[in-house]
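**Student:** Grabbed the feature section from TrEMBL, which reads as follows:
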- 113-143: coiled coil (COILED)
- 235-247: compositional bias 'Acidic residues' (COMPBIAS)
- 259-268: compositional bias 'Low complexity' (COMPBIAS)
- 150-165: domain 'CCHC-type' (DOMAIN)
- 217-231: domain 'CCHC-type' (DOMAIN)
- 188-210: region 'Disordered' (REGION)
- 228-287: region 'Disordered' (REGION)
């Protein structure tokens, strides 16, 4: 009997232990389930908020378009407008660049052409000069040397006109005319222009009409016309004219003195005497 009691006690102890274990496990599981449910509730709240946001964003207008699509369309429209503006500016820049490039290319080709022409002309002038010098050297080498002596450099082999040290004569100044229009045409001296006679204006004499009015005809003796305009030239009776000339001695018409203005004479310029060329000592010895 004692064994049965002890066995029953052992079984009761095991059952109690097992129940305590099960109860403890259930408590732990309930705590875990409570924590899990809290997490689930939080997730559900978050999902609810997200759904509300999505509903607000996906609300449709009268045309059936959502706010998100409207925002996207607005952004796309602004970007297309900006792109269109940039494209137009780029096209305008390309047009201006093409125009400026054409003008620059045209100007550049003109400048290059002018520079090439200048270079070619300079090269041609240089070649012509070199050819002339070479021809002169060849002619001088082929021609026999002259026996005379130059008066300028006193070297034999050439004369003064062919001397390389000969000074070039300056061209004479053009004639500007004197007080009477023909004064000293060949002279180059202009000192007479500073004289008081030259600075005064020229005084003109009597005109042809005045001389004609104050002169007498040699045929009729009347005043106011010349012989070429005399009315006696039309007379056809030469005998009458001859008899008058035989009977009456010819009377010379008295010339009328016409007061003429005093013309001041310009001073005469005496040209300088030509200088004698000096002979060199070698030339004198040869003479």
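Every residue gets a Cβ built from N, Cα and C, even glycine.
Heads up, TrEMBL stuff is auto-annotated, nobody curated it.
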**Student:** Per DSSP, how many helix, strand and coil residues does the domain 'CCHC-type' (150-165) have?
**Tutor:** 3 helix, 2 strand, 11 coil
**Student:** Where DSSP helix means H, G or I and strand means E or B, what are the helix, strand and coil counts for the domain 'CCHC-type' (217-231)?
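**Tutor:** Across the domain 'CCHC-type' (217-231), the residues distribute as 4 helix, 1 strand, 10 coil.
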